[in-house]
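*Asks:* So TrEMBL lists the following for this protein:
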DOMAIN    33-520  domain 'Suppressor of forked'
REPEAT    281-314  repeat 'TPR'
REGION    662-763  region 'Disordered'
COMPBIAS  679-701  compositional bias 'Polar residues'
COMPBIAS  739-763  compositional bias 'Polar residues'
Amino acid sequence: MEPESRKVGDHAHKFIDDKYSVEASENQANEALRLPITEAAPIYEQLLTVFPTAAKYWKQYVESQMAVNNDDATKQIFSRCLLNCLQIPLWRCYIRFIRKVNDKKGVEGQEETRKAFDFMLSYVGADIASGPVWMEYLTFLKSLPALNTQEESQRMTAVRKVYQKAIVTPTHHIEQLWKDYENFENSVSRQLAKGLLSEYQPKFNSARAVYRERKKYVDEIDWNMLAVPPNGSYKEELQWMAWKKLLAFEKGNPQRIDNGSSNKRIIFTYEQCLMYLYHYPDLWYDYAMWHAKSGSVDTAIKVFQRALKVLPDSEMLRYAYAELEESRGAIQPTKKIYEGLLGDGINTSALAHIQFIRFLRRTEGVEAARKYFLDARKSPNCTYHVYVAYAMMAFCLDKDPKMAHNVFEAGLKRFMHEPVYILEYADFLTRLNDDRNIRALFERALSSLPSEESVEVWKRFTIFEQTYGDLASMLKVEQRKKAALAGAGEEGPSSLESSLQDVASRYSFMDLWPCSSKDLDHLARQEWLAKNINKKVEKSSMLNAPGFAEEGSASLISNLAVSSQVVYPDTNQMVIYDPRQKPGAENFQTTTAAGVPTASKSTSNPMIAAVCGQTISAFDEILKATPPALVAFLANLPVVEGPTPDVDVVLSICLQNDVPTPQPGKSGTAPMPLASIPVPSTSDLSVSSKSHPILSGSSFKPSRGKRKHLDSQEDDEMTVQSHPLPRDAFRIRQIQKARGTTSQTGSASYGSAISGDVSGSTG
């Protein structure tokens, strides 16, 4: 037993670390199954303290007690869990225990068992899985002995009543119950059965239709879920939505039964829901308010009391509970709730002080509220919110502006460093139209507030002067604001100058502006550019390398126009990826081979251009070995920015492009022998048209071959040029295959692999 005890201890330690861990709880429950009940009982108690609505743990616990015939402990466990865990397996375990206890008690035991069945069905008879319980109860009633005709008649009447309740309850076994009911009535009296069955047939049909709809909602619910506090997981949200849908379905009374029966089903659904969403305050609130709207305020009060035992730290539920009590005139119970929120007064929140002051003002009058405010001021947790709330209550409710002014002045001595308090005080003075004291307040506040915390105060001061001041005072305050915030980094150095944005702000009113929304957007961008122009100039200096003379300025302007509210990566740190680049390869300026233009100026292909005018050394080697015709072709390729272009479109452009033929003597360099150029393979040319430039074979004349061969080749060229060129790779490969025989005798294919042009000999 020692290893097992050690293992249980390990699980207990893990459980303490995270008491709501589902995995640790399941491990503990499994371990408890393998232990004697005397050792397992503390584990069960610990589990059920954390998960008091976990019916499966209660069932496992009580079955362990029943296995050792510990009837007293079993009864005690059932008394603790049955009414809070409305789950069929647990209740069937209860009825098994009752039948076991009363089997040998004769008639008295049978009556106790019958009462236990009625008790169970009154709580869980509406469950969609309660069909077996109804069947078991009917079987029990049919098995009761009848000593005379009167007892037989009473038994048949009792069985009929149970059947008639069962067949109108939407359960999984509703059709089987209907068939059993038909057989029962026909066995008693066919004449009577005809009338009863015709009466209950429509009710059964309605219940069966409701069952089919109800089953759709029930199937979405996880009945093995443990009640854990909400953590925002997707599974929990799905369960919350599934329960809300089922509750809405039941509240709609789809079966059109009487209000009493409908309310009973709704209560049952809420109770089941709270077994799994035990820590969700919104569901407790919905449940209580449903009772209140149904006229059962006392029941709603009990629901709130249960909820606060589960969630004692939920201020929302306490305020909702107090609101319900106050709405029905129960002032003293409401006051107790507020006093519970206040606690010991040391850790009381400012909000609790404010709400209690308002409650006292509503129920006991001005003097009681004032007296409590004077006490609340001394609390270490009293913030400026309490002063603002009481001052505005005195001003708006008591119509006492002098008292409100005194409260604000008293609070100013403690909260001069709070910009929000300054603004609230300014709003109050604005209502009094006391412009002299408003200016004095702003001057006092701005002289003591740090510049980084005074932004909102300066803005409000500016707005005040725009409304109440003359032009000189308005311009003066704006200039002071710019000077103060420029030192705090809120404004750039150029902000000391007047701008059109300031004019637009001065002459606007509410949502009316002296310009269009497009102009506003333009001014906002310009303001941001003015603040960040120095940073951008530093970055733009890196873009003045060769190859970016034209494109660099355009990209600078486009980058500067970006909104300041969006964070973008530093593109100056980005380097074009080239799989042929070796680690540690050095970058250097592009050199110009004789007769070959630089890649950065002659070509606009982004695969060749490099960042900041620098190129990889491998590119220079390729350019040195590239004939002028190929360089000219690359220069004519369109600029591609963004994702890889469509291969078929690139091939079509290649087929329709006229490549200039270099003439000997006119070029700056002698024609480069074709044998010195590495010939790309067909697979390379067909796979990537970006990394392997394609040359047309029309620039090279065959050096040998029969006249007949040349004529057929020219005919093929004329045929290709006289028809529209195909735009898809499949058609191009078909042309290639059809003309492949022309490039096999003493020649290497150097262009026909894709384009189908004339094959040039390399010999």
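Cβ coordinates are placed from backbone N, Cα and C, and glycine is handled just like the others.
Unlike curated entries, TrEMBL annotations are predicted automatically.
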*Asks:* Six or more residues beyond either end and a Cβ under 8 Å away: which residues meet both conditions relative to the repeat 'TPR' (281-314)?
*Replies:* 243, 247, 251, 263, 266, 270, 273-274, 320-321, 324-325, 328
*Asks:* May I have the DSSP-based helix, strand and coil counts for the residues of the repeat 'TPR' (281-314)?
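*Replies:* Split by secondary structure, the repeat 'TPR' (281-314) comes out as 27 helix, 0 strand, 7 coil.
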*Asks:* If you average pLDDT over the domain 'Suppressor of forked' (33-520), what do you get?
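*Replies:* Here the predicted model's pLDDT, averaged over the domain 'Suppressor of forked' (33-520), is 92.
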